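Beneath this line is the structure, given in structure tokens, with notes to follow.
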Amino acid sequence: MQDLIIVGASGFGREVLGLVETINEINPTWNVLGFIDDNLQALDGFDLEYKILGKISEWQPKDNEQYVLAIAAPKVKEKIVPILKERGAKFATVIHPTATVSRTSAIGEGLVLFRHASISVNCEVDEFVFFNAYAQIGHDVKVGKYSTLCPKSAMAGGTTLGECVFVGTSASTYPGIKIGNGATIGMNSAVIRNVKPGTTVMGVPAKVMV
């Protein structure tokens, strides 16, 4: 099995551990070595077999290791990934057995798909994008790198998400909507018009938060 280190030991890191363990139950793939996180106390109070091996800021990857990014915040992903890659880190793509990816879609390095996530036909999903449980994108959707789609979010056909976009739980878009770089879509929101870069929108219909 391939040695794997989880980058980030917060709640999302523990979720990614659960994802990896589910994969291993069906098809033994990953030998989890542990976590790296700059907060060495992140796992205190949790009864886990795996420990924090060291700080991200100080970590030196080895050739035989692969890494899975387990940090949901897009801007933090954008900061950490180049540092680790410059040191030689190789990132895995981790996909739950119940998730689906169309054979006509293109996916980037470091993709993480949780249970029942779905990528429809002719989509383009860039690097280090996360789809939490039941998140889905329709036909011809484009998702920029470092973006995160929370559980049950649904991007309708032809939607374009820029880089570092955060889509909250159960948020949705009207077909063909464009979401700018660094935008945040609040939970349960329905986006019916384009969203400018760096903007936070929320509500039904979604409106800019001041």
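Positions of Cβ are set from backbone N, Cα and C atoms, glycine also.
Curation plays no part in TrEMBL annotations; they are all automatic predictions.
Per TrEMBL, the features are:
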type     : residues : note
ACT_SITE : His139   : active site, proton acceptor
DOMAIN   : 3-81     : domain 'PglD N-terminal'
SITE     : Asp140   : site 'Increases basicity of active site His'
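In the predicted model, the domain 'PglD N-terminal' (3-81) has a mean pLDDT of 97.
The local packing around Asp140 (site 'Increases basicity of active site His'), expressed as other Cβ atoms within 10 Å of its Cβ over all shown chains, amounts to 17. All protein chains included, His139 (active site, proton acceptor) registers 16 other Cβ atoms within 10 Å of its own Cβ.
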